[in-house]
């Protein structure tokens, strides 16, 4: 393609080969080179390479629709960081969990061993749940969920430091003597120190990769919402809302699990009520996302009432834990339960605020854009598929 002085592009093309055999067996190339006033295009495969068989095409489309695989360098980098972090930390936590359980099974102190197992079990669950959220964020190209994962990873870093103190105190309480407690703590100290160090390094890497992914995902939003700035703001609020719901589940579940572990009487009506709250909370969070996507204002108001009831329940648990007369059962989980319940109440409050903003945006066209974006998820980045295969390339200079 050549640009003349008047800015008019003059195209020069090779003669068209009418023979079907020549058309399907020759490879045409198109390159991009800037050479003075000339712009040459190349590196596009001919029809022989770009048109696969019908069965292979159908199988490829079917596999893409069922399973998402990161298709860019930065998305793959984020996934690799998450997988390596999870494998390393879960392996150490599992080893400590199994080893301490075997050592203290005969100690006779059920409260201490239960407390130790709850710390380790919650940490393992948090790491696995975060890995699942990472996959979900990359699949739906949700920048705000990635930012939330970076914050959550920093929280795991802090919790890893707190965990060392709590485990040390539990080991000292379960050991027969101070010397025995020191020997046992030295047996696990190095591994427990490596966990926050490794998570801290991974957090820094995740922040950097998230910053690079922001440009890719912003292009995804632009393709979905076009250049409508108001619609982009509405979609941003919706993405933040969906991401918050996913983090709400973890802290609600973690809080309720610790409350259940602290209760010794399994037939008590309070235990049954707290146990029922877990599946109820899951249903509420699912309905909160679905009703917002369907723009059901009245249904969301009902969901809002149930979420406020969950907040009230957590506040009552904290007040009971710090009361002077009823602190026996919950005192063993004071630090972790305060942390989880406080974060759960905070996140639910932010979620409710975003829910109100989403309700204000109902009826302004966002529903149609979201439905259209869900149908076009597999076609938003065709250039990345081509780049990885080495068969198409589009270069902008």
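From the backbone N, Cα and C atoms, a Cβ is placed for every residue, glycine too.
Any TrEMBL annotation is an automated prediction that lacks curation.
In TrEMBL, the annotation transmembrane segment applies to 339-362, one of the ranges 339-362, 363-386. Per TrEMBL, the listed range annotated as transmembrane segment is 144-162 (candidates: 30-48, 49-67, 144-162). The transmembrane segment (73-98) shares more Cβ pairs under 8 Å with 118-137 than with any other stretch in the list 118-137, 240-259, 271-288, 300-319, 339-362. By the count of Cβ pairs under 8 Å, the stretch nearest in packing to the transmembrane segment (240-259) among 271-288, 300-319, 339-362 is 339-362. Sequence-distant contacts of the transmembrane segment (144-162), counting only residues of its own chain at least 6 positions beyond either end whose CB sits under 8 Å from a CB of the stretch, comprise 78, 85, 123, 126-127, 130, 133-134, 136-138, 192, 195-196, 199-200, 202-203, 206-207, 210, 213, 236, 239-240, 242-244, 246-247, 335-336, 339, 343.
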